[in-house]
């Protein structure tokens, strides 16, 4: 900008919207990275959610609804670049990517070519690559970086690539000429996060970073004189990195600092002053990321020259920059033709030397397209692209070539790995129109409300709890009558508490079960509510029988003792259908099946090479699944032999140092494994039980926490409750055997951490309150029930869609002897419908009452004189009645002789006060 020429943007003002225009109810992530955490097109916004590997997708404009709903896209957790073809707002998101590009390290920077279809640049570690997405192979690898690449960006014409590196240098590459940098210079004296942004020409670019005094600074560079900056501006010493958002058409630069609540706007010009301040904007919330909206989506008739999307912890705030103009018309000086969304050429033409771009006019009703030919030095002998498999190139080019074509169909199986599902099952739908409604499938349990029941049902004053049980144990166990809790005292004592007798426990010592060895796991017999199995560190399993009236004295002699393991036992699981059948796992790397009726071991399962983290019976009781420290899921048919039927590697997770759990879900068709990945992130893996070798169907990343997620599965609703020891949150997901696999529901959060969380039998639920699950939450000194309920309007009817017939889990379907001989059984089903309630499916439909305004509202028309009289009468009514007497009218006077002869106090004798009345 010339110093003698006034800028047309000098009066630009930033306008914060009202809260109604915010995109609320989001959960943004704060993972440190070199990215902006949010990107926008002309129709969709993508942002980093609070769950690693998951993007939130929300439409830019509302779709005729009061609230915009956020869909979630499970992208990946690995060293990949995945390209997704997103549909228009209101359509279901794809479950698999269209193209996958493999990298050696996590990708820090990614940007598409501004004019060519299927070309993008990525930066991972010390390498930057130019990719041809159609052929799924790199065209060039930009070398010369001696440290981590922090920024990589195309020039506007797409001929050059600029990079900023942690070695404090800026580099300019012409990838079609040579892989080495054509220019390089030292930019900022500090190696902290540095960013780049090109202006509208190849000659100028902007960098942000830190100087030696840790002050944030902005520099403008001229590539023709690259040895020193054309202009430099020092801001402050804030630790947040500066994100440069530069609009090349207006040359307005917005600087957004992560973790701050202020935006700086400057105008960039090649002449002095090169960086002119325009305006500042104070935000209402802390900035986590920022994105620049494409100019094609601006309100040009309102003179909106910029729009910044601010990403906060819970909302996306659009901030508009307007130039005040009197006339409401299109101003060509503010809105020149901008870059269009139509590619000017394909990858082969661009690699051959073309540098064209399709421009687009912004005038309403005139969306003209024009090809811009940039005058740039093209390589005289362009390098040939790498030659790969011809068949593969031909096939892949059809999947990603131009906008009319599409990526791989979402229904097509992915050949690159499992589907990394979103945390909310692709999104939540605001209505019940269909599972493929506005934002994809959603769970009918998504509005679940978890509530701690009244204190009258709590058991308090618990003392001496053993909070150091092994990770393979749930910490305590419960049935419909009793709770068994291990105590910290010596001798492996177990306290048995009666759920029918809540209240405060006495301060004296409780009667306990004396095991004689430290307790590692314990489980109630599902078919005998008075029998408790306790595993100890002495490799023995003790069976205790609790009296029907409860434990009133110390018991030292168990009903039976099972011996056979040679090392410490850490897991016990009763058979779900057969009576007197128990499975146990031990540090001796074996799983043993016990016949409790005979009091002896029946079978020893082998094949494990390391510690067994967990085991689970299938719902029909025919198979047993285990998860091992060697990273393998094994499925056994115990009655067929001691060796596993399937033993696939758990390639998606690293369990070499951390624990895992396993449970059968989806009517026995799938296996759910909860564990950790290589970055200690807790995650869920869903396997098809009949195709374990093919790897997981879906992988869901949750959060980073030290405790293993303990899954509790409800087969009636298909819901799994997940929480860990020491957590304050319980995750709820509805599981499906097909995409999107995971449907997120409302989670339950407690103010203090719990030491254990178990699911009670279905018969304990209050169906009249639409309570579909009841759990017990073990705290430091108390035990409290938690009810999970579904809000419904017509609660006077039995919600038969929520409460199908449930299995009678307290009655065995067959005996141990029959099961061991090969017989199979099915549980008896029981209806939970109370006799005095009618199913909601049979309830009469209520016709919605229409509120029709009275005809008087339409027929009555008042004149102006009538309106004035009504207004006047209303004002008079506020002042009071005009006929009411005044207050002074009620005052009493004095007699006449008092004025003549009376003497008044305070006046001289013989004088009279004034007779003013």
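Just so it is clear, glycine is given a Cβ too, placed from its N, Cα and C backbone atoms.
Here TrEMBL flags 397-425 as compositional bias 'Low complexity'.
For 426-440, the entry in TrEMBL reads compositional bias 'Polar residues'.
Feature annotation from TrEMBL assigns compositional bias 'Basic and acidic residues' to 859-871.
The domain 'DUF1899' annotation in TrEMBL covers 3-64 (among others). The DSSP breakdown of the domain 'DUF1899' (3-64), given as helix, strand and coil counts, is 3 helix, 20 strand, 39 coil.
Within the model, the domain 'DUF1899' (438-503) carries an average pLDDT of 87. According to TrEMBL, the feature domain 'DUF1899' maps to 438-503 (among others).
As annotated by TrEMBL, region 'Disordered' applies to 175-196 (among others). Panel annotation: around the region 'Disordered' (175-196), residues 34, 121, 130, 139-144, 147, 150-153, 159, 161-169, 205-212, 214, 217, 219, 221, 223, 226-229, 241-244, 350-351, 353, 378-379, 382-383 of the same chain, lying at least six beyond its termini, place a Cβ under 8 Å from a Cβ of the stretch.
Sequence annotations record features per position, and here TrEMBL assigns region 'Disordered' to 383-442 (among others).
Residues annotated as region 'Disordered' in TrEMBL: 827-917 (among others).
According to TrEMBL, the feature repeat 'WD' maps to 562-604 (among others). Only residues 6 or more beyond the boundaries of the repeat 'WD' (562-604), in the same chain, are considered here, and those with a CB under 8 A from a CB of the stretch are 470, 472-473, 520-528, 533, 535-543, 610-612, 614-617, 619-621, 624, 626, 636, 638, 642, 809, 812-820, 825-827.
Marked as repeat 'WD' by TrEMBL: 605-646 (among others).
Long-range contacts of the repeat 'WD' (605-646) within the same chain: residues 472, 570-571, 573, 575-578, 583, 585-587, 589-593, 653-656, 659-664, 667-668, 671, 673, 675, 687, 689, 692-693, 715, 819-820, 822, 824-826, each at least 6 residues beyond the stretch ends and with a Cβ under 8 Å from a Cβ of the stretch. Counting residues per DSSP class in helix, strand and coil order gives 3 helix, 22 strand, 41 coil for the domain 'DUF1899' (438-503). Secondary structure by DSSP for the region 'Disordered' (175-196): 0 helix, 6 strand, 16 coil.
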